[in-house]
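J.: Below is one structure. I have some questions about it.
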Amino acid sequence: MKNILSNSSKLENNSVLLAQITLKNNIFKTVYKNQIGSCSFSKNFVFRTPVVLRSNYCSFKTRTGKGTSSISKTDNLIFECETGNYHTFCPISCVAWLYQKIEDSFFLVIGTKTCGYFLQNALGVMIFAEPRYAMAELEEGDISAQLNDYKELKRLCLQIKKDRNPSVIVWIGTCTTEIIKMDLEGMAPRLEIEIGIPIVVARANGLDYAFTQGEDTVLTALTHRCPNFDTPVSVSFPGFQPGINKVGSSETRTVKRTNHVSNLSSPREPKSQHPPLVLFGSLPNTVATQLSNELKRQGIIISGWLPAPRYNDLPFLGEGVYVCGVNPFLSRTATTLMRRRKCKLISAPFPIGPDGTRAWLEKICSVFNIIPQGLEEREKQIWDSLEDYLSLIRGKSIFFMGDNLLEISLARFLIRCGMIVYEIGIPYMDRRFQAGEISLLEQTCKKMNVPLPRIVEKPDNYNQVQRIRELQPDLAITGMAHANPLEARGINTKWSVEFTFAQIHGFTNARDILELVTRPLRRNQALDTLGWAQLIK
C-alpha cells in the first residue's frame, strides 16, 4: 500500500487516474496509468469493488478567498465512487444519545477492552451520573468457547434487572461478536422469557460505513417490536382521500387496532383528519417538540416517534401508516418500515436548515392534500435573523471530507447561505432514501447560480488531501483524524462530529449550524486583528 501511494503522488494534478481491473488468480490486478498513456507501475492489490477513479476537475474558474481554483460545472450532479478506507467513530457511540432518548432503557455493549476504552473516553463525562449503559467485556474464555455465553449474559441481565429494573434491555453487538459468531439473536428470546424483560439485539459493529448508522441499526431492531396497526378496508378519514381534498366531509372514521404486545398500553384514538403519521429518528426532546408544533400548525398530528421516550409508547405500525425520517442515515430503518411493516414512506428532504425544514413540511402536507400556510413567511423571517452570520460566509468555499452521512443536507443548506461547495465526500449514500434531498440540492444550486458539487462516495482521504491542496477551500469539514494535519497546511477545519451532537433540525436551530461553521472563520479574524497572522517556530 505504501508503494501505491508513493508512486501515485508522482502524478500531475490534472492527470486522470484510471483503474483497470482484471481478474487474475482470484485477485484484482490494478494498473495505474498517467494521462499520457505510459504505465507508471503495476501492483497486485485487492479492491472491494472495481471502479474508475478520476481525480481531475474541469476547467471552470471561480474566485475564492484564497485565490483562483478550478471546480467542475455541469448541469447534473456528479456521483463518483472511490475505494478509500473508513475513517470514522465506532457505531457503538450511538449509545451516547439513545440511552438518554429512551428513558426507561438499559444498553449493554458486548465487546472487548477496546470497546470499553472507547466508551470510557467518548462517554466518560457521564460516569458519575450512573448512566444506563454498561460494558459486557469478553475475555479469553468467552472467545475460546470455554465459557457458556448464555449463562454469563443471564447473570449480567439479572443484575441489571435487580439494580435498574428497565423496561427494555438493548444488546449492542460489536466487531468481536460478529467475528466469533455469537448467536445473540438466538439467546435473546430465551433469556427474555426467563427474566421477564424485553431484550432487543442490535449489531452496531464497526462493519458499518459511518458511526451514525449505529442508531439506524437500533431503530431497525425496535421497528420489529412496535405494535401492529390494522385498518379494515372500509376505513376513511374526513378531509383525506388520495388525490381529492374533501373539506368538511361527513364520512365517519373507523380504526381497528390490534395490540400484539401484551405489555403495551392501550392505544388512543387519533383525533386528526388524516392517516397516522410516524416520524423516525432520534432527536432531543426540545427539537422533537418544535417539529411536532410546526406540523400541528399545518393541521397534522403526529401519531408517534421512533424511538419513543418510553419503550411502552412505541408507535403503532402497519399498512395505512405513513412514516417520514428526520435524519439521512436511517436508510435501513426506512427499508424495514416499508418491507416488513408495510408502511408508506414519505420521501422528503430532511428538516435541516430553514429551506430543508420548509421543504420537509411542504412534502408532508402535499401527501395529505393539505395546503401549507405561512411557511414562506416563516422561512424568510429565519433567513433575516441569520444575516449577521450569512455576511461572514457568503462567497466562501467549503469542502466536505465525509464522516457522518449528514454531508448532503449540510452542503445544501450552506449553498443556500451563499457558500460554494467544491466536493461532498460521504461514506455511504442510499440514493433512494435521499432522493428528496438530492433533488433539493440541485434546485438550490440552480437558484443560487453556483456550480453543482461533486459527490464522492467512500472517498480516498489521500486523494482528498491532494484535491484540498489544489482547491484551497476556506473551510474543510473533516473528521478529527485529519483536522490537525490540514490546519498545519493552512486549511481551516471543523470537526464533523460536532454536527452530530448539536441541535441542527428545524427552523430555529439553523443558527446553531452557522455558529459551528463560522467559528473557525471568526477565530482567524480575531487573530488577524491582534496581529497574530503567522506561526513562529
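Start at 1 and count along the chain as shown; that gives each residue its number.
Glycine is treated like the rest: Cβ placed from N, Cα and C.
What TrEMBL says about a protein is an automatic prediction, not a curated fact.
Below are the features listed in TrEMBL for this protein:
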type	residues	note
BINDING	C90, C115, C175	[4Fe-4S] cluster binding site
DOMAIN	90-519	domain 'Nitrogenase/oxidoreductase component 1'
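Describe the structural surroundings of these features, if you would.
T.: Every protein chain shown contributes to the tally, and the Cβ of C175 ([4Fe-4S] cluster binding site) ends up with 18 other Cβ atoms within 10 Å.
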J.: Other than its own, how many Cβ atoms are within 10 Å of the Cβ belonging to C90 ([4Fe-4S] cluster binding site)?
T.: 21
J.: Roughly where does the domain 'Nitrogenase/oxidoreductase component 1' (90-519) sit in mean pLDDT, to the nearest integer?
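T.: Averaged over the domain 'Nitrogenase/oxidoreductase component 1' (90-519), the predicted model reaches a pLDDT of 86.
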J.: List the other residues in this chain whose Cβ sits within 8 Å of the Cβ centroid of the [4Fe-4S] cluster site residues C90, C115, C175, in sequence order.
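T.: Here the nearby residues are P91, I92, G111, T112, T114, F118, T174, T176, N205, G206.
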J.: Restricting to the chain of C115 ([4Fe-4S] cluster binding site) and a gap of 6 or more, list residues whose Cβ falls under 8 Å of its Cβ, or answer none.
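T.: Long-range Cβ contacts: C90, I92, V109, M135, E137, T174, T176.
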